[in-house]
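To keep things clear, I will list the structure first and then write my remarks on it.
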Amino acid sequence: MASTTSLSQSSVSSVKAMERESQHSNVHEKNNHLHDAEPVTNHTEANALPEVETEPQTEKAPHVDAEKAGAPPAPPNPMDPKNFPDGGRDAWLCVLGGFCALFCSFGWINCIGVFQEYYQTHQLSQYSPSTISWIPSCEAFMMFFGGPIIGKLYDNYGPCWILLVGSFLHVFGLMMASLSSQYYQFILSQGIVSAMGASAIFYPAMSTNATWFFRRRALAFGLMAAGSSIGGLIFPIMVSHLIPQVGFPWTMRICAFLILFLMLIANLTIKSRIPPTPKPLAPIEFVLPFKEMPFLFLTIGSFLFFMGMFLPINYLIVQATAEGMSARLAGYLIPILNALSLFGRVLPGYVGDKVGRYNVMLVLCSLTAVLDLALWIPASGNAALIVFAAAYGFGSGAFVSMAPALIAQISDVRKIGVRSGAMFAVISIAALVSNPIAGAIVQAEGGSFTGLQVFCGVMQIAGAVFIFFSRTALVGLKLKVKV
């Protein structure tokens, strides 16, 4: 009996010893696993090493390398959607600066219809409307065509110096336009130099905004793009009222001083959240995006939509005065159009963040094309033209705010400058040729605007179709999905 008890006690002791040995072994294995499982650092929160549960502290765990245990955590990846601020002081100041920048760049382009009508009846009355239209066409072309180079400079060096140079060129070009009296002088000053400055203002503002916002990106773009609507509202009224009072030269100088003041604000508030990454210029960078079907179709659609987008802005005043509207009332058509485009740029951005940016873009591009064909063509009389101007302003306004948001949606934000520039460089060709084509159509039809209106509507329908192809390349034919 004694020997049995002794054997039993010996067995119990042996089992406890084995348990202690097993616990030591488990601790060693877990700590070895901790050392071996160093995280692969791609700087995303999703790859952070999970916490490792430890055994109760009945015994001291083996020594862990102090250098590894005390190492600082990897910096957060600024490209991770969870790390975009989507608000805050610096982000909203950037939106304010972008508002001022688009007021001075795209807002100025939005009022070129005023100059088309003024030059036809004053300094350049000896030239045909088609010839004069090359001035605003060059202006729009130069603003967009500089996109690839400015985009690459932005990706390499950030927005600061580009904005500074752009501010100088834009103001200098308008000052030179105030001294111009010959056709070639207007082409050089207003059509090229000022427009190059506007281009260097427009792209950094649009690209920088994308670095601060992710979930609310379309809303931020909409608020910023509202600056172009306000500019397009204020500049035509300024020009039409100041020219009779102070003359054309001082009107241009006053506009230039206003732009200078607003660009001071833009230069102080626009800064990128992501530091620039200088790389040598490689032309292939501008070609690679077009190998992606969503980007290619979006670019083709935007090109076609742009073929018609500026035509009402440029020719609505000319048409209205030709059909008997007083010059004073006709001067308010573009401000009315741009006033409604303010809502067309902000509201679609807000809705787009909720239901899908592609979805909203498609609806409003299609609506704009329908307005051209169903409202503009049969419009006759002051009331009908005013209603068209208001409706077209709302429908077309969405394109300016939504197009950059769509580019950002299908792009790596670190390459946003090059990719935006590549697309807008293609669009610039449409901006260059559409006005002269429209002028030639009007001239060929003996002053009738019906052919121009049909051309405008058909181009915008084709643009909406290709934007739909871009959406299809992303998600297929699924209609009830947020894209």
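Using the three backbone atoms N, Cα and C, a Cβ is placed for every residue, glycine included.
Keep in mind it's a predicted model, so treat the numbers as computed, not measured.
Annotated compositional bias 'Low complexity' per TrEMBL: 1-15, in sequence order.
Annotated compositional bias 'Basic and acidic residues' per TrEMBL: 17-38 (among others), in sequence order.
The compositional bias 'Basic and acidic residues' annotation in TrEMBL covers 57-68 (among others).
Looking only at the domain 'Major facilitator superfamily (MFS) profile' (91-483), the predicted model's pLDDT averages out at 90. For 91-483, the entry in TrEMBL reads domain 'Major facilitator superfamily (MFS) profile'.
According to TrEMBL, the feature region 'Disordered' maps to 1-82.
Summarising the annotation, TrEMBL assigns transmembrane segment to 91-115 (among others). Sequence-remote contacts of a segment are chain residues at least 6 beyond its ends whose Cβ falls under 8 Å from one of its Cβ atoms, and for the transmembrane segment (91-115) they are 85, 135-136, 139-140, 143, 163, 170, 190, 194-195, 198-199, 201-202, 204-206, 208-209, 212-213, 220, 223-232, 234-236, 239-240, 255, 259, 262-263, 265-271, 273, 310, 313-318, 331, 334, 338, 341, 400.
Residues annotated as transmembrane segment in TrEMBL: 127-145 (among others).
Residues or ranges marked as transmembrane segment by TrEMBL: 157-177 (among others).
Taken from TrEMBL, the feature transmembrane segment applies to 183-206 (among others). Residues 97-98, 101-102, 104-106, 108-109, 115, 119, 123-124, 127, 131, 134-147, 150-151, 154, 159, 162-163, 165-174, 176-177, 221, 224, 263, 266, 270, 404, 417, 420-421, 424 of the same chain, all 6+ positions outside the transmembrane segment (183-206), place their C-beta atoms under 8 angstroms from a C-beta of that stretch.
Within the chain, the transmembrane segment (218-238) has long-range Cβ neighbours (under 8 A, six or more residues past its boundaries) at 91, 95, 98-111, 113-114, 205-206, 209, 212, 251, 254-255, 258, 331-332, 334-335, 337-339, 341-342, 344-350, 352-353, 357, 360, 393, 397, 400-402, 404-405. According to TrEMBL, the transmembrane segment annotation covers 218-238 (among others).
Panel annotation: around the transmembrane segment (250-270), residues 93-94, 96-98, 100-101, 103-104, 108, 159-160, 163-164, 166-167, 170-171, 174-175, 177-178, 201, 204-205, 208, 235, 238-239, 242-243 of the same chain, lying at least six beyond its termini, place a Cβ under 8 Å from a Cβ of the stretch. What TrEMBL records for 250-270 (among others) is transmembrane segment.
Through the fold, the transmembrane segment (295-317) approaches residues 110, 112-114, 116-117, 133, 136, 140, 289, 330-331, 333-334, 337, 365, 369, 372, 376, 385, 388-389, 392, 396, 399, 403, 406-407, 410-411, 419, 422-423, 426-427, 429-431, 433-435, 438, 442, 449, 452, 455-460, 462-470, 473 of its own chain, all at least 6 residues removed from its boundaries and within a Cβ separation under 8 Å. Residues or ranges marked as transmembrane segment in TrEMBL: 295-317 (among others).
The transmembrane segment annotation in TrEMBL covers 329-347 (among others). Nonlocal intrachain contacts for the transmembrane segment (329-347), taken as residues 6+ away from its ends with a CB within less than 8 angstroms of a stretch CB, comprise 107, 110-111, 113-114, 117, 219, 222-223, 225-226, 228-234, 236-237, 240, 312-313, 316-317, 320-321, 364, 382, 385-386, 389-398, 400-401.
What TrEMBL records for 359-377 (among others) is transmembrane segment.
Here the transmembrane segment (383-408) has long-range neighbours at 106, 206, 209-210, 217-218, 221-222, 224-226, 228-229, 295, 298, 302, 305, 309, 312, 316, 319-320, 323, 325, 333-334, 336-346, 348-349, 352, 357-358, 360-361, 364-365, 367-368, 371-372, 375-376, 416, 419-420, 423, 470, meaning same-chain residues at least 6 beyond its ends whose C-beta is under 8 angstroms from one of its own. Residues or ranges marked as transmembrane segment by TrEMBL: 383-408 (among others).
For the transmembrane segment (420-442), the list of distant contacts is 128-134, 136-138, 140-152, 203, 206-207, 286, 289-290, 295, 298-299, 302-304, 306-308, 310-311, 314-315, 403-404, 407, 411, 448-449, 451-452, 455-456, 459: same-chain residues at least six beyond its ends, Cβ to Cβ under 8 Å. Summarising the annotation, TrEMBL assigns transmembrane segment to 420-442 (among others).
Through the fold, the transmembrane segment (448-469) approaches residues 297-298, 300-309, 311-312, 315, 319, 322, 358, 361-362, 365-366, 368-370, 372-373, 376-377, 434, 437-438, 441-442 of its own chain, all at least 6 residues removed from its boundaries and within a Cβ separation under 8 Å. Residues of the same chain lying 6 or more positions beyond the ends of the transmembrane segment (157-177) and with a Cβ under 8 Å from any Cβ of it are 101, 104-105, 108, 150, 185-186, 188-190, 192-201, 203-205, 207-208, 252-253, 255-256, 259-260, 263-264, 266-267, 270-272, 275-276, 278.
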